[in-house]
Amino acid sequence: MNDKLNFNQIQLVSLVLLRILIGWHFLYEGVIKLYNPSWTAKGYLLSATYMEGFFGWLASDSMIAVTDTLNIAALIFVGVSLLLGFKSSWGSLIGIGLLLFYYLAHPPFPGYPLGPSEGSYWIINKNLIEAAALFVIFLFPTSSFVGIDRLFVKKEITPSTT
Amino acid sequence: MAEDKKLFKGFSRRDLLKSLGGIPILGAVWFAGVNHDKKSKLERDFLLEKLNIKATPPPESGPMSGEPLRIGVIGFGIRGEQLMRSLGLATNEWLEEMAENERKNPNDMRLADFKAQESLNVKLSGICDIFDVRAENALRSFNTNDNTCKRYDTYLDMIHSGEIDAVIIATPDHWHAPMAQAAIEAGIHVYLEKPMTHTIAETYTLREACRKNPKAVFAVGHQHRQTQSFLTAMDALEKNTLGHVSLIMTTTNRNDDNGAWQYDIHPEASPETIDWNAFLGTAPQVPFNVEHFFRWRKWWAYGSGLSGDLLTHDYDRINCILKMGIPKYVTASGGIYTHRDGRNVPDVMHVNMEFPEFSTGGTQRESKENGMTLVYSATLGNQFERGTVLMGHDASMKLGNTLSIYADPRSTKYRDLIEEGRIDPNVPIFQYDPSAVSGVDAVTSATAKYFADKGLLWTYRDGKRVDSTFLHIREWLSCIRNGGEPSCGIQEGFEEAIAAHMAGLSYKIGRKIAWDEASESIIALPGEDLDAILLNNEV
């Protein structure tokens, strides 16, 4: 799929920009948590308003260390992958998964309690929109044009052009 | 190498830029993240170091080894059953009910928590309850093939049976002191529910009995003394974090029948199943009355209303932290405004306790600050949570299961830090949450505050609850086995009882009641019998 897409300049720049912005966001969230030893997702998970059983299990004493580590690792992987353009389709899929977790723990469904937030939401919130944006990045990959993946594409292309 | 050259062959500088252009962005974002954490950690460490408050866990009470202690329980009502569970003894009915609850709701941890509780190495050897249904209920569960548990007709029979080492007393207030005194004088250890006494005179005679029989370990059931946040609060006050505390607000906020002592009346209650004369004791002789028996807290004859039942908790919580002792003056007012059902104890009550010579320490000019008021404000007709707040010149402390300290905008101690923007008076400078991972944190953001307040707080309560009554009973058992003084012994109980009686008296007389420290007595007018006033059912 990667090699078949051809974008014009503006399309390419827009898609790369979107990829970098989201990568930036993920990476910063991951790094902040990585270097803060007292950070834990426990509060967020235990205050879940939907699928409480599942999120409660993730927050349980036997699971919380694994949950926290995986969350940080995934955030950083997604961030690095999108920023560098390396395995970006994996990065975007994992990113979508993470965002859906965050979304489902505190979904802005009608009748569900809304925690403190900087805006007003009904069914759709920024987690869901970011997940949708990542789906676009997954469908329209740009890392073979701008990103480390370009090195590997070039490697395959090089012989035929000489 | 040849491969490498081949790899980059046909690569322009533009290609390289397009391939590796993300790296500097990655570096910048990573650096910014690390830097942010470092900065907030520095700020947090700075505050914690400055405040130097230690979230010390309570000293663990000693081992529960040796021969099992033979416990007798006097009063197997609502509180008696709860105390038995803290001892590790639950009735079959309760176990079945909790198993059913657990089946219906897997998050109901009451049974699991009970089963996980450490064994206290005791056996229930005696039960004394003047309501046959309750006594038989206890025997059915506790008199088994493995354990002999006898029912005694009177508490004196049990105390003098020679088959009991210690008693737990959970009876109506008017029986507290006579039973405790008889046990102590017989050398039996006593765990007594609050309030310690029902009259002023009893407070002195019970103290005398304890002084004469130091081998019998006496503890009053103020389980709050085991709460970790209170020990942390003590440390914060010792470090003068709050400056001079001039006002303390404590509150009771309840709005349901149970909270207003409208307990269930058992259908099998009758003069045949209840030893009515044993219930009355020294109380006015009235005909059999089920409401008096089951809802005794509503009458001065057997209970002491808000001042004895609930003020005592709040007073002892503060006395545990500040050790301010008996107030010099007490004024109280209130009335029966929410439950006009024939009761004669107030259901709305305000008590002001004055400590004119007491100070937690100041930060301003010497001799400028001295003296403190403790306000207890209670209603049984609204449950808006007003909490407990200690208000000092430099900071305020909100005290509960968690503890938060907010700097005062006009503080002397924190003036410079507030001006530099390093302390925001709207965000706690210190927060202690025993359920949080690190346990202690100087909160520097509103988000952290949200999680500390909401998520972790209630989970702690509903999830991994520490049963403070269990810890309190364990401490008493440890003093029996290994020596030492219970945290709420006869002196603390004496102060609690006198303070509560002063409040009850002021409510009834409508005058400021004074304590004379030199003679250790409540000041009465000539010819005034304070105990008669306290017990009077007509006021």
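Cβ coordinates are placed from backbone N, Cα and C, and glycine is handled just like the others.
All annotation found in TrEMBL is predicted automatically rather than curated by experts.
Owing to the predicted nature of the structure, the values given are computational and were not obtained by experimental measurement.
Outside the transmembrane segment (A:12-35), and at least 6 residues removed from its termini, the chain residues within Cβ reach (under 8 Å) are 68, 71-76, 78-85, 88, 91, 95, 130, 133-134, 136-137, 140, 142-143, 145-146. TrEMBL lists A:12-35 (among others) with the feature transmembrane segment.
Residues or ranges marked as transmembrane segment in TrEMBL: A:55-83 (among others). Residues 19-20, 22-31, 33-34, 39-42, 45-46, 48, 90-92, 94-95, 97-98, 105, 137 of the same chain, all 6+ positions outside the transmembrane segment (A:55-83), place their C-beta atoms under 8 angstroms from a C-beta of that stretch.
According to TrEMBL, the feature transmembrane segment maps to A:90-109 (among others).
The transmembrane segment annotation in TrEMBL covers A:129-148 (among others). Away from its own ends, the transmembrane segment (A:129-148) comes close to residues 1-3, 5, 7, 12, 15-16, 18-19, 22, 25, 82, 84-89, 92-93, 95-96, 99-100, 103 of its chain (Cβ-Cβ under 8 Å, at least six residues beyond either end).
Sequence-distant contacts of the transmembrane segment (A:90-109) (same chain, six or more residues past either end, CB-CB distance under 8 Å): 22-23, 26, 44-45, 47-51, 55, 71, 74-75, 77-78, 80-82, 115, 121-125, 127-128, 130-131, 134-135, 137-138.
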